[in-house]
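Note sheet for the following structure.
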Amino acid sequence: MGLRASGTGFVVLVLLQSCAAYKLICYYTSWSQYREGDGSCFPDAIDPFLCTHIIYSFANISNNEIDTWEWNDVTLYDTLNTLKNRNPKLKTLLSVGGWNFGPERFSKIASKTQSRRTFIKSVPPFLRTHGFDGLDLAWLYPGRRDKRHLTGLVKEMKAEFAREAQAGTERLLLSAAVSAGKIAIDRGYDIAQISRHLDFISLLTYDFHGAWRQTVGHHSPLFRGQEDASSDRFSNADYAVSYMLRLGAPANKLVMGIPTFGRSFTLASSKTDVGAPISGPGIPGRFTKEKGILAYYEICDFLHGATTHRFRDQQVPYATKGNQWVAYDDQESVKNKARYLKNRQLAGAMVWALDLDDFRGTFCGQNLTFPLTSAVKDVLAEV
């Protein structure tokens, strides 16, 4: 019995160590509260044990200081951080910037010593006041002239966090969201330098394809497709990860993005294969109400009566129904991605976003909340 008890304890220890070895970074978006009916998501819907880190998106910058964006952000901050009462190991970060913020605003702040200093000084007290463990910089698509300013911002922010922690508090975490497109990486990021000062980098390995391309294609392929044009050879997660590592990002700081949303297209002809022409983005989802984008829970509804396919080379699924063509991820594809990042010895996975997964567990017929995020977690926990 003694040997069996000891063995069981060892297995449990290995499982805990295995799960703890990988980060599962999960974004939550504050605007998801405004979706109608069952699409409305608040932080109290989140399982506190699902992710290792939850990032609240987004904070604003007003008068060069970090600030709230939504009218009820402070209430939502408190609701999110209350999750740590149930799971004290959970880390929460506040993301500043995002798509609607605009790279020009970041550029204006970071390029001037005084405004940059004002912003940096405002961050630690704001995070401490609202119970966050760190900051996520979502300066998306910085320009060529912004490269050194972003590096300086990251370096000085990390130094400020270190100084603030000298009072005896745990140092605040610092992360950044980085585009996975080769052109965007080359133009705006000194990967080797910013990696030195960041605790982790969330690589946005999705949105490689969209309605702006005039043809159908998958937005989050794991690998290059055999039928991809030479211009698309960089547009996959495998290339983006390899390129980031080649540029000097440490594997133990690189987190690979996995989307819980799909991209939809309206076909312009009866053709449905790769490269088929489109007339524009797909019709809006019932809850997200944005052309060309569908939450996973909306995709589950779409799949009723649809024809499903899988790109074997890219290892991702798509579905067609009428004149609608939808690229998405399912449990099989996200598990493959999680196994891939483990094989590459990356720091973990990032999910965009919890509120786009089937967070209620009522849409996808699996009787499981957050089925995609849970599938990623299960693979990360495998020995």
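Every residue gets a Cβ built from N, Cα and C, even glycine.
Record features, source Swiss-Prot:
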BINDING   E70, W71, G97, G98, W99, N100, Y141, L204, T205, Y206, D207, R263, W352  chitin binding site
DISULFID  C26-C51  disulfide bond
DISULFID  C300-C364  disulfide bond
DOMAIN    22-383  domain 'GH18'
CARBOHYD  N60  N-linked glycosylation site
CARBOHYD  N367  N-linked glycosylation site
REGION    324-338  region 'Important for AKT1 activation and IL8 production'
SIGNAL    1-21  signal peptide
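Considering only the binding-site residues E70, W99, Y141, W352, the residue whose Cα is spatially closest to the Cα of C300 (disulfide bond) is W352. Taking H, G and I as helix, E and B as strand and the rest as coil, DSSP gives the region 'Important for AKT1 activation and IL8 production' (324-338) the counts 8 helix, 4 strand, 3 coil. Counting every protein chain shown, 26 other Cβ atoms lie within 10 Å of the Cβ of C26 (disulfide bond).
Tertiary neighbourhood of the region 'Important for AKT1 activation and IL8 production' (324-338): same-chain residues 209, 216-220, 222, 237, 256, 258-267, 272, 276, 278, 282-283, 294, 296, 299, 302, 306, 315-318, 349, 371-372, 375-376, 378-380, selected by CB-CB distance under 8 Å and a gap of 6+ residues from either end. Between the farthest pair of Cα atoms in the chitin binding residues (E70, W71, G97, G98, W99, N100, Y141, L204, T205, Y206, D207, R263, W352), the distance is 31 Å.
Of all the recorded positions given, namely E70, W99, Y141, W352, C364, those whose Cα is no farther than the 10 Å limit from the Cα of C26 (disulfide bond) are W352.
C300 (disulfide bond): 19 other CB atoms within 10 A of its CB, across all protein chains. C51 (disulfide bond) falls within neither a helix nor a strand when secondary structure is assigned with DSSP, and so counts as coil. Non-local neighbourhood of E70 (chitin binding site): S30, W31, Q33, L76, each in the same chain, at least six residues away, with C-beta under 8 Å from its C-beta.
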